[in-house]
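Enquirer: I have a structure here, written as structure tokens, and I will follow up with some questions on it.
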Amino acid sequence: MIVIIFIFVAIFFISSPVHAANGNVVINEIYPHPSTGSSEWIELYNNSSNNIDLSNWKIIDLTSSGGESVTTITSGTIEAFRFFVFEFTTAKLNNDGDIVTLKDSSNTVIDSFSYNSSETDRSFARIPDGTGSWTAGQTPTKGASNGTPPSGDETVPPPATGNIVLTEFMPNPDGGNEWAEVFNPQDSEIDIGGWKIDDIEGASSPFPIPAGTKIATRAYLIFSFSGSGKLNNSGDTIRLLNPDGQVVETYSFGETTKGVSFAKDSQGNWQVTNTPTPGTVNKITLPSNPSKATTTKIKNPSDPSLPQTDPINPSSANQPTGNHNLATDSTNSGKVAGVSNEKDRNSNLATLLIAAGLSFLVTAFAWPVIEKYLWKK
């Protein structure tokens with residue numbers, strides 16, 4: 001009987017949601033400025049190995065007049081190492097700046113984030129999830145991982161290999177034409193007429209950038225390859241040539257995936273990403289089956305650097321699921337948009353440790369009973 005009681009008590013404590021300690025639950029992503037017809041939302045992330053009860057938690061922000069607007073979560077649980085999304089049905093977050101505060105059921109401040117302005121259809125996100133620094137101007141990843149930060153600041157353009165550099169290209173578009181993106185790292189506008197974008201030498205005719213084409217300082221330009229395309233889906237080489245015909249940069253890639261682009265990170269290394277960003281700062285989110293490729297950078301045509309091989313590691317993410325109720329103390333209303341199934345690997349280790357400990361305790365309590373009443377018989 002003692003063993004049975006112990007098992008029920010242990011299962012209750014292991015499976016029941018607990019209240020959060022400061023830092024266990026954080027604001028992970030904010031989407032304050034959606035385009036017309038879309039909803040604002042806030043995403044939370046659970047850094048702990050416990051399920052957290054969110055009943056009577058509050059989301060507080062400033063009104064346009066400087067007062068406070070309070071939204072109360074009537075019920076809900078955020079699971080260990082997972083996401084929880086609150087979607088507002090009316091406009092709530094200020095586009096020109098706001099302070100968003102998360103409080104638990106005892107009115108203790110759990111987390112807070114402020115911003116001065118916002119971009120349409122862009123989010124503020126922690127990278128990496130739960131512990132990283134806030135980054136503005138991100139492609140929203142509602143209910144899913146915000147990705148892994150590069151080794152440097154991704155908002156800093158990649159270093160120049162010439163007057164302009166290749167920064168991203170789409171060889172296998174999911175509709176539309178193939179395209180390539182170039183960036184001007186110079187401190188002044190430059191004329192790039194006469195430059196060429198080409199594939200492997202001798203395979204097809206180069207794409208010439210028209211005479212008089214100008215690119216502003218630290219700006220991007222996109223060039224679309226019409227017709228049957230220029231870059232082979234089964235693998236190819238893209239090259240950037242200056243007006244003298246010298247190869248400034250070249251990059252070889254393997255088999256491609258539809259809708260996945262190749263983009264440079266802040267260190268100038270090529271990566272595959274399932275979040276193409278033509279004309280803007282690159283966002284690296286790895287697909288589940290990235291290809292492997294080799295990049296050769298030529299900083300000076302008379303002094304070529306050695307080839308570098310950069311294998312890309314895959315990652316995966318699950319979609320948000322589930323629905324919960326959300327009440328509001330103000331005129332603004334909302335709902336919980338979803339709870340993500342995406343889970344940190346550490347949670348698996350925690351589960352194994354709990355199971356092993358429980359097994360040991362059950363055996364320790366049960367063995368005297370077995371020995372006394374069953375074994376001797």
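For all residues, glycine too, the Cβ spot is worked out from N, Cα and C.
Caution: TrEMBL annotation is automatic and unverified by curators.
From TrEMBL, for reference:
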| type | residues | note |
| --- | --- | --- |
| COMPBIAS | 132-149 | compositional bias 'Polar residues' |
| COMPBIAS | 267-334 | compositional bias 'Polar residues' |
| DOMAIN | 15-117 | domain 'LTD' |
| DOMAIN | 152-255 | domain 'LTD' |
| REGION | 121-160 | region 'Disordered' |
| REGION | 267-341 | region 'Disordered' |
| TRANSMEM | 349-370 | transmembrane segment |
Enquirer: From the DSSP assignment alone, can you count helix, strand and coil residues within the domain 'LTD' (15-117)?
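Expert: Residue counts in helix, strand and coil order: 1 helix, 49 strand, 53 coil.
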Enquirer: Can you count helix, strand and coil residues in the compositional bias 'Polar residues' (132-149) using DSSP?
Expert: 0 helix, 6 strand, 12 coil
Enquirer: Can you tell me the mean pLDDT for the domain 'LTD' (152-255)?
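Expert: Within the domain 'LTD' (152-255), the model's average pLDDT equals 82.
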